[in-house]
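Please read the structure below before turning to the comments.
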């Protein structure tokens, strides 16, 4: 057991690293077939799609339209010390260190599984902020062919996706080559791939595991603000993703989420996939509600000040 002691603001936190994962809730879901995207429309207005990239890894894409300006959504997601106040999956949340546009977070979650058994897990994540223009494209997997990037350029390269993506539709991907390379080769550790994350996109495993997943719900031509996160310590082999914010109106924001997750071999991803899906939906819904409430409070304060 290794103790990690760092400082965030005026606080000093001590964390003992051990089993590291994320909290999950909900029933398991299975993909309809190998290498295809399973899509469902959540009742709460969160779009979520799951892509099977190998027998034990998934890419998850989700999005929700937030009835608040982008600044409110950004403020909510970068208030690292208070994320547990409104994100339901977090039992414990600590900002261990913050410097410039990066932060190190320690998060814990727990869930009652069955028959009195309680599942407890945690992650140590490194977050990086890209407020003006989003994450550099060289750090992400290629967007679907023929689609527009957040900076407005059109992609012409090919990848495993067989269809492009508009504002909300998903690209269907084939993972046969990824399966073969991943099953036959040795997997790189999360810590080694997180030292910059700018390895060659290449094909197969390297492009998926070492790069951030491109948010497929990106609005073409609209400048993005991104927050990337990647696993520093944990039971997952890889846990890496992006929060992307794009204004879609004067008072509305598209919040997109993209995650690549690969557990250790002893934890089949099929057992936790449904819980991850459910948690992603709950988290996006919670961020949307919180950002909206903060915006409404600001509007109310402005109206009161105008009456004075």
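Cβ from N, Cα, C; glycine included.
Note that this is a predicted model, so its numbers are computed, not measured.
According to TrEMBL, the compositional bias 'Low complexity' annotation covers 147-198. Residues or ranges marked as domain 'Coenzyme Q-binding protein COQ10 START' by TrEMBL: 66-130, 205-286. What TrEMBL lists as region 'Disordered' is 134-212.
Broken down by DSSP into helix, strand and coil, the domain 'Coenzyme Q-binding protein COQ10 START' (205-286) contains 23 helix, 33 strand, 26 coil. Mapped onto DSSP classes, the domain 'Coenzyme Q-binding protein COQ10 START' (66-130) shows 14 helix, 36 strand, 15 coil. Within the model, the domain 'Coenzyme Q-binding protein COQ10 START' (66-130) shows a mean pLDDT value of 87, rounded to a whole number.
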